[in-house]
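Pulled from TrEMBL, these are the features on record:
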- 133-143: compositional bias 'Polar residues' (COMPBIAS)
- 226-236: compositional bias 'Basic and acidic residues' (COMPBIAS)
- 10-130: domain 'MSP' (DOMAIN)
- 131-202: region 'Disordered' (REGION)
- 217-236: region 'Disordered' (REGION)
Amino acid sequence: MSTTEKKAQVLQLEPPQELVFKGPFNDVITANLVLRNPSEKTVLFKVKTTAPKQYCVRPNSGVLEPSKHQNIAVMLQPSADLSSVDKSKHKFMVQSMYAPPNFVNDNLDQVWRNVQKSELMDSKLKCSFVEDGSQQPAENSQSEPPPPYSQTAQDGSGVEEFGQAEAGKEDLLMTSATGETILQVPSPPQQMTTGKKEEDPVMLSMKTPAAVMVQSTAGSTPAHVSKSEREEAEAEAKLRAMQDRIDLLTSENSQLKVK
């Protein structure tokens, strides 16, 4: 089984391995990076970071002609409390590739979109932070791998959320797995409790909703009925109520005569 070896980085980086940011960190702190092209070919470059919300990079991409160099400003955004920032995940990567034949600078974005992975070269830099008054940089912890690299924004004023859609899906899956965000299924209707005292039919006739009177005759919650059926049910309920009232008055009258 053959394997393709990764291309070695053609660009020379200064510094080659580490960017040092010196505090205090309540203002923008800039670390300088120099990219040199010692080859006889034109090289395209792009700068990515694992902490896109914390940095601005100017320029974040470009073209290096043979024997030319480019100064890069890597700007850490202000943070009153650096301890609140997860410094262990702050990494940078410089990607590069040889310019294809007949390359035109206007097609830079298209070239990067169509490049084969086998044509890419890259170098990684870690970040160190020197607190105010400290002599030794506070190096990043290597206890866990950094998140995927994100490309800085085109204008250098912010960062492009590379892979944001994938992150959104992952968050959704995690939330669903923990049960914190689920679809609310409507609860089934509660059943009528038994042993409830039935209402007087005379009192039912005084209630306006037709559904109540239909319920008194059918003994269950009515389904949707037409207007004519509802009117017929109302009339029937009123007649029954009137008959019950007459029977009640007749009974009371008989009791008075006996007395």
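For all residues, glycine too, the Cβ spot is worked out from N, Cα and C.
Heads up, TrEMBL stuff is auto-annotated, nobody curated it.
Note that the structure is a prediction, hence the values are computed from the model and not measured.
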Structural state census, the compositional bias 'Basic and acidic residues' (226-236) (DSSP three-state): 10 helix, 0 strand, 1 coil
The domain 'MSP' (10-130) - residue tally per DSSP class, helix then strand then coil: 19 helix, 57 strand, 45 coil
